[in-house]
Each structure stands twice: as structure tokens, then as C-alpha cells.
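Trainee: Take this structure first; my questions come after.
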Amino acid sequence: MTNAPKEAEKAIGLEEIHTERQEPPKGQKTFTVEEAVETIGFGRFHIALFLIMGSTGVAEAMEIMLIAVVSPLIRCEWQLQDWQVALVTTMVFFGYMVFSIALGLLADRYGRWKILLLSFLWAAYFSLLTSFAPSYIWFVFLRALVGGGVSGHAQGLIIKTEFLPTKYRGYMLPLSQVFWLAGSLLIIGLASVVNPTIGWRWLIRIASIPGILLILVFKFIPESARYNVSTGNTAAALATLQRIAEMNGAVMPDGVLREPAKESRGRFKDLIHPKYLRTTLQIWIIWLGIAFAYYGVILASAELLERDLVCGSMAPPVHDASDGSEESRSPCHCHLFGPAAYQTMIISTVGEIALNPLNILGINLLGRRLSLCITMGCTALFFLLLNICTSSTGMIGFLFMLRALVSANFNTIYIYTAEVYPTTMRALGMGTSGSLCRVGAMVAPFISQVLMSASFIGALCLFSSVCVVCAVSALTLPIETKGRALQ
């Protein structure tokens, strides 16, 4: 125990420490990682963890939301049809889907931290390359690779989940939505300034900066102690826990850290084992539906602003009179965003934290299942309300509420998925769920950007129906994880 500070420094520095498996003497007190995490409690380490890992949401939101603010410009520059614009978003999520499973497998086998770092390096590199894309085909290909890199950002959430005490998970994880909101607002604000002046290519370059900066601070976060102990590296896990206790001003439990029996990790067949089969299938349905609704709202908002779709009909493009730029008078068939459109996007985006306090209360008081069922049902209702003929203020209000509800849905399913699976398959569970999530996101552009132009009410009814299915699936999930220790 006298070498604990040195061992802690090595753990925080991400140097792996391997020891031979030793059974504790008979009768000696032992403790698990779960018991250590609960005993140490919440403190300075968790605040630093929240700020650094939470900030991965800023980079992810900027990369994902980028397409919504760049679409009108590339539509004009390359004279794209509706389906071609929709294909850009679809290919981003196709890359996300393919890489999400692969990175989840690798994270369960080789560690969360390494995969998180790799994903940030990958996404930043290909995002910068995208800004030099000479053609539409190259743009689509490179954005698909960016989507693949962004899929690994989910490991940041897993690391947070595995270090947080049980009673704090339901509060701290939903608050991470603030970082996604910050990234969304930042990219919209940048677009309103950069797009009309130096162009969308510089917007992409600027948007890659937060991801590059985050890479520099990852060294302050250790590998998950739960992961280390599950691989038999108990010395590294113990050193990490001792360092956290020191930072939090807490004490470690008495005894020796108990190493569980060796188990196979990251096996797909575990997800469809009879113990988890029903849960896995229902989680996949919910993830697919939530992503379909979430990105449907975002892209539908852009279409409503770009094309002035009102009451289910296509109105002639009306350019923002306050925008006297050359681009706003472009003879292209597209309608570029003006200041008023960006302002509307910002207002609706702020809705993503409007229900956060109620969402946190619902998750912790009603439980994950019932809370998700209620917010999914309300999402279905507001999709239908969007068809009501109303003023621009009314439309903004509906979009505001939709963004608030779909954001609450994501908060809840993220927490539930991270809690329901054991450590040996948690990253794979998140990875496969993320892949199904991107299937929904891949379909959403063709509904929001293609079908909506042909049948406004038809598109809204489809979104609403999917949300109803997800609400029923959420209510009937076989396991409630409220107050449940991580397995």
C-alpha cells in the first residue's frame, strides 16, 4: 500500500500494470470495484470526468449537426437533387453504423480509453480532409468516414457510467446533454457567420478544432477500473481507485480488491443469450426509433426553413430580406439560410435542455421504463401537432417541444442501455445499439428531405407511428435499472 501513489500515477498515465492472478487468503476481507466506487462516492474526480468526457458531446454534436447547416450550400454548389442531399446524411450514419459495432467489440477487448482516443484521431483527420473535397462523391465518402470515427465517442459515456456511484448516474448522465446542446449551438452560430463570408469549407475546418483539443486532455482520464478488473489487471484497477479516493478526499474499503472469475468479453452471442434476448431486441427497436425521430426533427426543421413548407404545401422560396449577400440572391434552385433561419434553428435547439429537469426527475422517480414511455408518447403527439396551420412563432414552439422531447428520449435510453448490460459486454451492447440507432438515422433524411416534400402529413404520421411503437416497447422492457448496481 505504500506504493499506492506511484501506482496511481501509472494508472492515470495509462500504463498497464499486469500481475499474476492471486487468490486472497481464506478469511481475508475483500471488496469489488462496485463496492469501492460506492464507498469513495462523488467528488472532484467525477467533476473532472464529467467535464472532459462530457465535452466529447461538443465535438460529436458539431460533426453530426454540420450537415444540417452545410446542406443548402452544397445543394447549390453541386446542383444536387433532394435524394442526393439526403444521401450525405445517410452515408454519415452508415459509417457510424458499421464502425459502431467494430469499435464496441474492440473496446470490450482492448479498453474503452484506447478506442475513444483512436476515434477522435480518426474523426478529426477525415473531417479536415472533407473540407478539401473536390466533388460531391468525395464529400459523401469522407463524411462517411467521419461518421465512423464519431461512433467511438460513445466510449466516453461508458467510462463515465462505470465510474459514477449508482445514485448519481440518473442525475449526472442526463446533464451531459448540456454539452451536446453547446456543440449544436456553436455550429449553428459559426455557420451564420462563416458560411456567408468565407464559406462552408472553412466551417468544417473550424468545427474540427474542439475534437483536436480534447485529444490533448484525455491523458488525465484513466482506463475504466471495471474494465481492468474484468481482464485480470487488478493492480491497475486498484491504483486507479486509490487515485480517485485521494482526489475525492475519501477512503478505500478495507480488504483486498477481488478479481472475478475470468470471462469471455465482447461476444455478440452474449447479447442474444436467453437472459438478455428480449431486452436486447426491444432496446434495438427503441434506439432505432429514437434516432429516426431525433434526426427527423433536425432535418425537418432545416427543410421547413429552407423551403418554407407551410401547412403541407410547397411555398415559393422567400429569401430573408435582411440578408443582402450575393449567396442569398443566388440563381441556384436552393434557398440559402438567412439570419432569421439561423435564429429559428438556435431557438429550437435550446429546446434540447428545456425538459432536462423534468427528465431527470422522471428517470429517478418513475424509473427508466415509464419515463421513456411517457416522453416517446408525447413525441408522437407533437409530430402530429406540427401539421397544424399556425404562425411562424407557433411552428417554432412545436419544433422547440419536439427537440426537448427527442433529447429526453436519448438521455433515458443511453442510461438504460449502459446500466442493463454487465461490464464484459457493456461496450458491445452500446455499440450494437448505436448501430441500430444509425439505421433509423439513415432512413430519416429520406423521410424529412424527400417524402416530406411530396406528402407533409404522410411524413409526420410515419414519424408519429414509430414513436408509438417505441413507447410500447419501453413500457414492456423486462428489466428496470433504477437504483440497480452495475453488473
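Using N, Cα and C of the backbone, Cβ positions are placed for all residues, glycine too.
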Trainee: Which one of 131-149, 340-358, 378-396 shows up in TrEMBL as transmembrane segment?
Mentor: 340-358
Trainee: Examine the transmembrane segment (171-194) against the transmembrane segment (454-477) and state whether at least 3 Cβ pairs sit under 8 A, considering only residue pairs 6 or more apart.
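Mentor: Answer no, regions not in contact.
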Trainee: Mean pLDDT over the domain 'Major facilitator superfamily (MFS) profile' (49-482): what is the value?
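Mentor: Mean per-residue confidence for the domain 'Major facilitator superfamily (MFS) profile' (49-482): 79 out of 100.
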Trainee: Mind checking which residues of the chain, 6+ beyond the ends of the transmembrane segment (47-71), have their Cβ under 8 Å from one of its Cβ atoms?
Mentor: 85, 88-89, 92, 116, 120, 123, 127, 143, 146-147, 150, 153, 156-157, 159-160, 163, 172, 175-184, 186-188, 191, 195, 200, 203-204, 207-208, 210-211, 214, 217-218, 220-221, 247, 298-299, 301-302, 306, 337, 345
